[in-house]
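*Asks:* Sharing the record's features from TrEMBL:
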DOMAIN    B:3-181  domain 'Electron transfer flavoprotein alpha/beta-subunit N-terminal'
BINDING   B:Arg201, B:226-227, B:240-244, B:257-264, B:Asn278  FAD binding site
Amino acid sequence: MKILVPVKRVIDYNVKVRVRTDGSGVDLANVKMSMNPFDEIAVEEAVRLKEKGVASEIVVVSIGVQQAKDTLRSALAMGADRAILIDATSDVNQDIEPLAVARLLSRIVEAERPDLVIAGKQAIDNDMNATGQMLAGLLGWGQATFASKIEIADGRAVVTREVDGGLQTIGVRLPAVVTVDLRLNEPRYVSLPSIMKAKKKPLEERTAAALDVDVTPRLKIVRTVEPPQRVAGVRVASVDELIEKLKNQAGVL
Amino acid sequence: MTVLLLAETHQGRLATDAVARTLSALAPLGDVHVLVAAGEGAEAAREAASLKGVSKVLLAESESLRHGLAEPAAALIASLASGYRHIAAPATAFARNILPRVAALLNVMVLSDVIAVHGAESFDRPVYAGNAVQTVQSTDPVVVFTVRTSAFAAVGRQEGAPVERVAAVADPGLSSWIEDMAVVSERPELASARVVVSGGRGVGSKESFDAIIQLADKMGAAVGASRAAVDLGYAPNDWQVGQTGKVVAPDLYVAVGISGAIQHLAGMKDSKVIVAINKDEDAPIFKVADYALVGDLFSIVPELTGKL
């Protein structure tokens, strides 16, 4: 079984985001960039399926700027076999929208014919939570989103999903798209030897233009601002004082 | 201009609060038709018809729509899409699963978690875990979006609007439901509760999380949790508040043993009043709290429960 995993280069999870004062966006200059944490979980799951003998090959794909090669090398170091970079922009500030990403991925899927696409449920920069569902829609494939458990058997994936009321388990016929949630697994730390080995793994480059996909944004970002900031309130010394304040000052009790 | 609003149902009952809040977001956009897609949805359709701003309810009943599977629901919505300028839904797990697929079928983008509607094409939505807010203008012929319900008040009631049956589309049979492991609770729903009491890593164990639950029950509150508390197994996944969990904005949010990672703050910083109880006086949660109580939660929480 062949698995395809899309990975995105995003601002690191621990970095405090700074919004530019002129409203033009978020400051990405000299900021640490990493693989989207949900995509790391997706790569980890694919590698575990390979280690269990369920998967035979893992192809990782990233879409965006040349620097996304670093993200692909990280995925290769975790255990993916090959990587494809789709060069879609030279501007690090241009986010390629989920629809364009899904269209590009659908071209790669047509060429690579994977049995399963495992993707992160959302990217922590645009917080869209859309690409996996869109890809499944474009391909006419089944989808299982927000997975906290994946089992592959008899030509289908049995997926436990994190939903609003608790958990839901569904079966989805392969080929399919599965998007992963936080509690599916804990991604491994990569060792130095695997980082060295990853440098020798194949990394192929394509362009959005050659794949004949228009990546012009459908959403025009008019401005980006900081949300209203809360200010720290008061320290209370005791439970009694807290109750008194909540009753008489805040009026919420 | 007419809006198609996908309603959420659970076992034939309407998720009224989520739909009513979404309706107030949609008010500037024109007439609203609500789509109830369910196994049996007549009761939910009647309920939806009685919400202010609804001019018609479309009811599609089919076995394939019973469990909220994305493929038959998205195919149905795409088949109804012509004639609508907007297709919207509350930003719940149910709709987040379906609407991006609908958008792809219509070859348009989706906007997730809209927090303000400025006009037919202009919307605000949070990005970077709520650390920035973008105003975006859609250039698509149909605007597909989900609404962050905590940003809007619920609409009131009206005389029932007409309910019209529509045919479900053939089930593509790509996926099948196996089971729901839903927790039935008498407590208020996290997304709409007036008071939320949340516990974090500092609570220490699943057993000691009971103190959080007792406080919540005493206050008539919903129970929430930080990601750390869920990852450590202290609380179930659907209690998670934050960037990737639920976003809440209650009148009162009580954070107990929660340090306040930006991902957690993303889910609760729009609460009206925030109380933080933590033994670490440098915890980031205190930067957003209106009332800070530094101390041992294991003595403070039972004392608070007892004195309320």
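The backbone N, Cα and C atoms fix where each Cβ goes, glycine too.
Structural setting of the listed features?
*Replies:* In the predicted structure, the domain 'Electron transfer flavoprotein alpha/beta-subunit N-terminal' (B:3-181) carries a mean pLDDT of 97.
Under DSSP, B:Gln240 (FAD binding site) is assigned to a strand (E or B) in the three-state scheme.
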*Asks:* What's the most sparsely packed of the binding-site residues B:Arg201, B:His264, counting other C-beta atoms within 10 A?
*Replies:* B:Arg201
*Asks:* Given a separation of at least six residues and a C-beta threshold under 8 Å, show me what packs close to B:Ile258 (FAD binding site) in the same chain.
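*Replies:* Counting only residues 6 or more apart in sequence, the Cβ neighbours of B:Ile258 (FAD binding site) under 8 Å are B:Ser198, B:Gly199, B:Gly200, B:Arg201, B:Gly202, B:Ser226, B:Ala229, B:His264, B:Ala276, B:Asn278, B:Ala283, B:Ile285.
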*Asks:* Check each of the binding-site residues B:Arg201, B:Gln243, B:Ile258, B:Ala261, B:His264 and report back the ones whose Cβ is under 8 Å from some Cβ of chain A.
*Replies:* B:Gln243
*Asks:* Here are the binding-site residues: B:Gln240, B:Gln243. Which has the lowest count of other Cβ atoms within 10 Å?
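*Replies:* Comparing Cβ neighbour counts within 10 Å for the binding-site residues B:Gln240, B:Gln243 gives B:Gln243.
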